[in-house]
Amino acid sequence: MIWRSYRQLELTFLLIYAVAFYVFVIHRSVHFSNYYRGELSGLYHGWIHDHLNDLSDAQWRNFRRNLPILSVVLAFFTIIANILRYWADLKGRGMSFVWILTSLSYLAYLHGACVVYILSIASLNFCLAKFFAKSKYYLGILWLLNLSILILNRVFDGYSFSLFGQQLAFLDNYRGIFRWHICFNLVILRIISYGCDYHWSYKNPQFDQEKHSRRCNICSTGQACYFSLQERSIQSNKYSYSMYLCYLIYTPLYIAGPIVSFNAFSAQMDMPQKNYSLGQITWYGIKWILALFLMEAMTHHLYYNAFAVSGSWRHLSPLDILIIGYGVVNFMWLKFFLIWRYFRFWSLMAGIETPENMPRCLNNCYDLETFWKSWHSSYNKWIVRYMYIPLGGSHRKLLNVWVIFTFVALWHDLEWKLLSWAWLTCVFFVPEIVIKSYISSVHVQSVLGVCIKRELKAIGGAVTISCLMVANLAGFVIGPSGISWLVSRLLHSDGLPLLAGTFTTFYVGTKLMFHIRDAKQNHQLKEQ
C-alpha cells in the first residue's frame, strides 16, 4: 500500500516536471528561433500566420514539395493494380508483371536513362544467385559484391555514361530528377534479402509454424503475421526473375521503404494482407495527416534544423546548443515517421504489409537497444535476420555491434561524420550490453531491493540518453570537432550546473518511461 502511494506521488511529480520542462524548452526555442532567424539559411515563406518555414532539410523539403504529385501517382498505380488483381483474379506472377510495368514507368521518370544501371546490377545479382545459391561460398560472394557496388556507386557518384565511351555521353542529359544511386541503397538491401532467402531455401527449414501459432496473437486466429510470412518456406518457382525484379522496384516502397523481406513480399503478392481492414488503413491515413500538421507547426515556429545546417549554433549558449540537439533529433524522428508511414500506407492499400518503422516515440526510449529497435524498425529486423544472426547472434554480441554499426554508417553515406557517430554509439553500446546482462541476472524479492534496482536502472537510462545526445550531436548537428568545443565549455564552473540539470532531466524522463511501460503492461494483462 505504501509502495503504491509512493508510486502515485512520484508519478504526479514526474508529470509536473515534464510539463514544466517542455514549456521551458518550447518557450526558449521560440525565442532564439525568432531572434536569429535573419542569420539562418533554409527558411522559406510559410502559411501559418506569416511565419517562416524551416525547410533547410533537403529530404523533407523535396518530400513535402512533391507530396501532391506523388499521392496522385501512387493512388493511380494502386487503384489500377487492385482492379486488375480482383477483376482479372491475378495472383503472384500476374501481379508481379503489373507492378513491374508500373514501377518501370515510375523509375523512368525518376532516373531517366540511369534505369539501365539498376537493371544491370539487378540482373547480375540474379544470375549470381541462380548459378551459385547452393554453394556454401555464395553468401560471402553476395555480400562482397554488393558492398563493393554500394561504395563504388558513391565514389563515382552514380557513374557518368561518358565513363563507358563518348558515344554514350549524351545520355548524361537524361538522368531524371532523382539520383538513382541514393535510392539504390535500399535496393541493395532487397538484393541481399533475395539472395539469402534463396540460399536458405535449399536448407532444411527451422521454422515451427505450429509452435509459433500457439504464441502469436495474429497467427492463432488463422491469419499470418509478418514474422511467419518471413520465416516460412515458399515454393521454388517464387524465386523467378519477374518476382525478384518486382520486389526490387515495387513502387510504394521503392524510395524509402519500409524494408520487407523477399519471402514476406512474395507470399503477399499471392495472398494480399488481411491484418488491416480498409477502415483501419483509413484511420492510419487520418493519423498521418494529423502528424503532418504537427510537423508543419514545428517547422514554422522552431528552427532547430536551420541552426544545425547554418552553423549558427556557434553563437548560442551551451544550454541552447543542447536544446537544438534535442530538437534536431525530434525533428528527424518526426520527418522519418511521416515519410515511412506515408509509403507504408500505400503499400497496405496495395495489399503488402511491412514492418512498422517508428513503433515507439523517440522520447519513450531509455536504452540504446530499444532506441534502435524503435527507430528504423524494419531496417533493424533486416539487420537481425541477414547480419546479426549469421554473424553469431548473442554469442558474439559485443563484436557484432561494431560490424553492424560500421555497415549502417557506410550504407547511409561515405562520411567520417557518420562513422564517428557509429563508433561513438558502439562505445556507448558495449557497456550497456554488459550492465544489462548483469542486472537481468540479479533477482530481488523485497520492496527495498526492487526500489534500489529501479533507481539504478533510472540512473543507467539517464547515462544512456546522455550518450545518445553526444552521438547525435556529433553525427548530425555540430560534428566531432564541435563536441570537443562543447565539452570544454560544459566542464567550466558555469557549465557544471547545466550538466547536473540535464542529467536530472534525463533521470526524471527515464522514471516517467517506467510508469508508461508499467501502465501498458497492466493494460495488456487486463485484456488477456
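Just so it is clear, glycine is given a Cβ too, placed from its N, Cα and C backbone atoms.
Listed in TrEMBL for this protein:
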type: TRANSMEM; residues: 12-30; note: transmembrane segment
type: TRANSMEM; residues: 67-87; note: transmembrane segment
type: TRANSMEM; residues: 108-131; note: transmembrane segment
type: TRANSMEM; residues: 137-156; note: transmembrane segment
type: TRANSMEM; residues: 177-195; note: transmembrane segment
type: TRANSMEM; residues: 241-260; note: transmembrane segment
type: TRANSMEM; residues: 281-303; note: transmembrane segment
type: TRANSMEM; residues: 323-343; note: transmembrane segment
type: TRANSMEM; residues: 459-483; note: transmembrane segment
type: TRANSMEM; residues: 495-514; note: transmembrane segment
Among the ranges 177-195, 241-260, 323-343, the one whose Cβ pairs under 8 Å to the transmembrane segment (67-87) are most numerous: 241-260
Interface present between the transmembrane segment (137-156) and the transmembrane segment (12-30) (three or more C-beta pairs under 8 A): no
Residues from the same chain, set at least six apart from the ends of the transmembrane segment (137-156), whose C-beta lies under 8 A from its own: 121, 124-125, 128-129, 163, 181, 184-185, 188, 191-192, 195-196, 199, 390, 410-411, 413-414
Same-chain residue ranges lying at least 6 outside the transmembrane segment (495-514) that approach it to Cβ under 8 Å: 10-11, 14-15, 17-18, 21, 318-319, 322, 363-366, 454, 457-459, 461-462, 465-466, 489
